Structures are given as structure tokens and as C-alpha cells.
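Trainee: I'd like to ask you about the structure that follows.
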Amino acid sequence: MKLNDIIQGLDIINVKGELNIDINNVQYDSRKVTKGTLFICIKGFVSDGHKYIKDAIEKGASAFIVEEDVAIKGCTFIKVKDTRKDMAKVADNFYNHPSQKFNVIGVTGTNGKTSITTILNEILTLNKNKVGLIGTIKIFDGEKDIVSNSTTPESIDLQYHFNNMLDNGCDYCAMEVSSHSLALNRVDETDFKLGIFTNLTPDHLDFHKDLEDYRKAKEKLFFKTTMANIINIDDEGGKKIYENIKGINVPCYTYGVDTKADFMARDIKSDSDGVSYRLITPSYEEVIFIPVPGMFTVYNTLAVIAACYVLGIPKPIYKEGLRLSNGVSGRFETVPNDKGISVIVDYAHTPDALENVLKTTQQFAEGKIISVFGCGGDRDTEKRPLMGAIGQKYSDLCIITSDNPRTEEPEAIIKDILEGIDKKKENYHVVVDREQAIAEAISMAKKDDVVIITGKGHETYQIIGKVKHHFDDKEVANECLSKM
């Protein structure tokens, strides 16, 4: 593709060099540069792409999009105000606007994104659709699974995956949309048919200045949709978003339990086998069952059903899809054993998510609840004491341990968590080493007790310093169970 075509729509300050040249690759990572690459220099949080211009030239880069003046001859330099923002436009142009050619469903919110996109994928597949998936656990391009390094990829990678999905015959993509991706322009040129909002609770406040800034980032998604928006109206953040978008020329549907909504759940029954409820929609009522317990399952499935309604998925298809769903890896996932105890692994890493999984556990636990949790390092510190208070309140015993400490000292993170603990009570314990914490929890469990290990879920690593070490909560739990 000609460089001149790729840069259409950019607000260019100046150009040095030739625009009528062939470009066969677009990159922001100098390690992926090949001959004929257009290299976009991004000023990131850790490094600055402008520092890698000479390296990119040595690897064959032909042209650059920059924010700074560059005194190098022999290549084309296009100066713009914001390279990160323009990267989304360049990527969309280079791959010929792939998201306009199939149905992209975007799901945003603090919790529930992975569950909703996964269940939607299952139902649409049952409906004989071919579906791509983009999210926290993995990317699926219609043919193969790809390791996911973030909830929502950078715009170049995102458009690349969209293009592959089209090539592989996908007619849908169910996609998690993070607040970071909305704030950092990753999805600026994505054509969303449908937007879904789950909930808003404190998270990522190391990146967003406050909860309102976080909410506003999420809200951006719903001004990008062309078919419909679906909002959790029970959530305070959802109420604000609904008020702000209800006047736009895109239908908005609501779902909830406590507030009158287009899609509501009544007569909710939850036990260890799953959850059932009476579904009330704009045109019919129906009894729904899904073999995953908890109120979070009720909300997630209401969002899914609303999406199916908008997309015209037949009722028997989505009912069967919900009935057959096995949930999501690392989301309230049971570790099978014959020891008479329940061991559950869950990704809950926010106060709201931890409270939800522990309350759900209380609904069916016949014995004691032993929880294992920590908080990630180099991330929002405000949630740490909240997590401590919640873990202690809803557990018979909570074991506070390490999560992904990153560059912080684990003991310092745990000290923050302990700020929320009532020291007068004796139902808490600190075990810094996560493997030892899991082992201790399982060894203490008696018949009918529940051990719930939270924070990492599907993750198969632990980040200590800047290094990822292999660590899998399920593997560790299985090893501990085998020694009982």
C-alpha cells in the first residue's frame, strides 16, 4: 500500500521525504520492523519510540510518524501532534477498515467482561456463526488461539487481528474493551455494532485520576456504536452513562435486578449447581438456568440475553447456550478433588469482585470459608485496605498473601491490606509466599469447608520484580490436594 493512502485523515504538521512509496508493514515496536515498514514513534510510559529510529532504519524501515523533529536523511518523516492517536487511524487505513465489515461487540466495565464475551462466543457459535474473541485470557482469530498480553491490544495489533478474523470467515467478534484502551485511543477507529456496560467499581486508579475519570473513559465506548447499547442500570456508573447517552441516535437497552429495566431477573435461586431466575424482557418471560452460581452470573447473563435479543438470536439457542456453559477459566472455577472440600479459583482482584465471590460462596458453603488473596504491586493502592476488610468480613479465615508484587516489596503491599483488617479479630493470617499460603489453606480445610483462592484466576505466572515466573493457582492447589 502507498504511504500516501495510509496517512489519509491525519492532521499532519509537516513532511520530510517522499510519500509515494510502498509500505508493507506498520509497527510501533522496533523489534518487529522489517524492510518497507512504517514505524510509528510512541512516547510510552516506560520508553520513547523516538529513541529507536536508528535501530528501525537498520532493520529496513522506510518511513516514520513522529512528534519530534528528526535530523536524519534518506527516510520519510511525517510529523504529527499525537502519534498514539494517529496510530489508530494509520492501522485502520493499512488494514482497509476491517471492523466495518463484520459485527464487533464491545464489552466494558470493571468486572464481567471476560465472562460475557466468552458466553456470547459460545452462543453465537451454537447459532452457526463464526466468532473471533479478544480479551484478557486469549485472542481467537477464528482459526487459532493467541496469547493475550493485555485486555485490549494496541491499535495496530487490534486491526491486525480484525483483519485475520475477516480472512478466516468470522462474522462476529466479541471483544473486551478496557478503560486504558479507550483513554489511550486504541479503539478510536473501531466500528462497534453493540456496546455493553457491566459495572463500575474502584480499579485502575493508579492510571485514572479518580472514579469519575475512570467512568468517563468507559463511557466513550457508547458513542462509537451503530446498532445498540446495553447498560446495567442497577449500577450507579451505569445510571450516569445511560443518562448521558440516551439522547443519541442509537437504541439503548437496560438490564438489572433492583431497578426497572428492559431485561430483568426475578425469583433468583442460586446454589452450588448454578443459578436460575425468571427472565422478564420487553416481549416475553422465560425461566433461565446456567450452571455457574452467584449474582454476578445473573448480571452477566442478563447482558448476554439483551445482546442476543438485539442481534436476533433465537430464544432456544441462547437458552441452550446458557445451560451448556461451563463458565470461564479462572472465574469461580472448581478444582476437582475427592477430599470432601471445595477448592475454587477466581480472578477477583477488586473489592467488588472479591465481595461477590465470597458472598456467592456463603450461599452454598456447609462448612467454613477459607480465603486466600493479595493485591498486585505497582497498581491502585487505595483498594488494598478495602480488600482486607472484605476478605475478613466474608471469610471464617482469610490468608493474606502475595499476588503479582512486581517492583514493590510483598510485605509493603500486605501492610496496606492489613490497614483494613480488624486486629481484634483472630480470623486472619499472613503468609507472604503464595504457594505456602495456598498449601496452608488447603491443609487446614476440613470436610465441607470451602477454600477460595482469588486474584490470579487464569494466570499462569507471578510477576516478581519485572520477571514473569511460572505460577498457576490451580496447579498448586492440585499438588496440595494430592498430598492430603
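Backbone N, Cα and C atoms are what each Cβ position is placed from, and that goes for glycine too.
Just lifted these from Swiss-Prot, have a look:
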type    : residues                                               : note
BINDING : Gly109, Thr110, Asn111, Gly112, Lys113, Thr114, Ser115 : ATP binding site
MOD_RES : Lys218                                                 : N6-carboxylysine
BINDING : Arg379, Asp403, Asn404, Pro405, Arg406, Gly455, Glu459 : meso-2,6-diaminopimelate binding site
MOTIF   : 403-406                                                : motif 'Meso-diaminopimelate recognition motif'
Trainee: If you measure from the C-alpha of Gly109 (ATP binding site), which of the recorded positions Lys218, Asp403, Pro405, Arg406, Gly455, Glu459 fall inside 10 Å?
Mentor: Lys218
Trainee: Using a Cβ cut-off of under 8 Å, list the residues of the same chain at least 6 residues beyond the motif 'Meso-diaminopimelate recognition motif' (403-406) that approach it.
Mentor: 349, 373-379, 413, 434, 455-456, 459, 462-466
Trainee: Minimum Cβ neighbour count within 10 Å among the binding-site residues Thr110, Asn111, Thr114, Asn404: which residue?
Mentor: Thr110
Trainee: Count up the helix, strand and coil residues in the motif 'Meso-diaminopimelate recognition motif' (403-406) according to DSSP, in that order.
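Mentor: Result for the motif 'Meso-diaminopimelate recognition motif' (403-406), in helix, strand, coil order: 0 helix, 1 strand, 3 coil.
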Trainee: Do you know offhand how many angstrom separate the residue listed as 'N6-carboxylysine' and Pro405 (meso-2,6-diaminopimelate binding site) by C-alpha?
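Mentor: Checking the Cα atoms of the residue listed as 'N6-carboxylysine' and Pro405 (meso-2,6-diaminopimelate binding site) gives a distance of 27 Å.
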Trainee: Over all pairs within Arg379, Asp403, Asn404, Pro405, Arg406, Gly455, Glu459, the annotated meso-2,6-diaminopimelate binders, what is the largest Cα to Cα distance, rounded to whole Å?
Mentor: 17
Trainee: Rank aside, I only need the closest one: which of the binding-site residues Arg379, Asp403, Pro405, Arg406, Gly455 has its C-alpha nearest to that of Asn111 (ATP binding site)?
Mentor: Gly455
Trainee: Sorry to bug you, but what's the C-alpha spacing from Lys113 (ATP binding site) to Asn404 (meso-2,6-diaminopimelate binding site), rounded to the closest Å?
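Mentor: For Asn404 (meso-2,6-diaminopimelate binding site) versus Lys113 (ATP binding site), the Cα atoms are 21 Å apart.
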Trainee: Tell me the Cα distance separating Glu459 (meso-2,6-diaminopimelate binding site) from Ser115 (ATP binding site), rounded to the nearest angstrom.
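Mentor: For Ser115 (ATP binding site) versus Glu459 (meso-2,6-diaminopimelate binding site), the Cα atoms are 15 Å apart.
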Trainee: With Pro405 (meso-2,6-diaminopimelate binding site) as the reference Cα, tell me which of the binding-site residues Thr110, Gly112, Thr114 is the closest one.
Mentor: Thr110
Trainee: Quick check: of the binding-site residues listed here (Thr110, Lys113, Thr114), which one has the Cα closest to that of Glu459 (meso-2,6-diaminopimelate binding site)?
Mentor: Thr114
Trainee: Indicate whether Lys113 (ATP binding site) is helix, strand or coil by DSSP.
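Mentor: Where Lys113 (ATP binding site) sits, the three-state DSSP reduction gives helix.
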Trainee: Give me the CA-CA distance between Asp403 (meso-2,6-diaminopimelate binding site) and Lys113 (ATP binding site), in Å, as a whole number.
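Mentor: About 21 Å separates the two Cα atoms.
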Trainee: What whole-number Å value do you get for the CA-CA distance of Gly455 (meso-2,6-diaminopimelate binding site) and Thr110 (ATP binding site)?
Mentor: 14
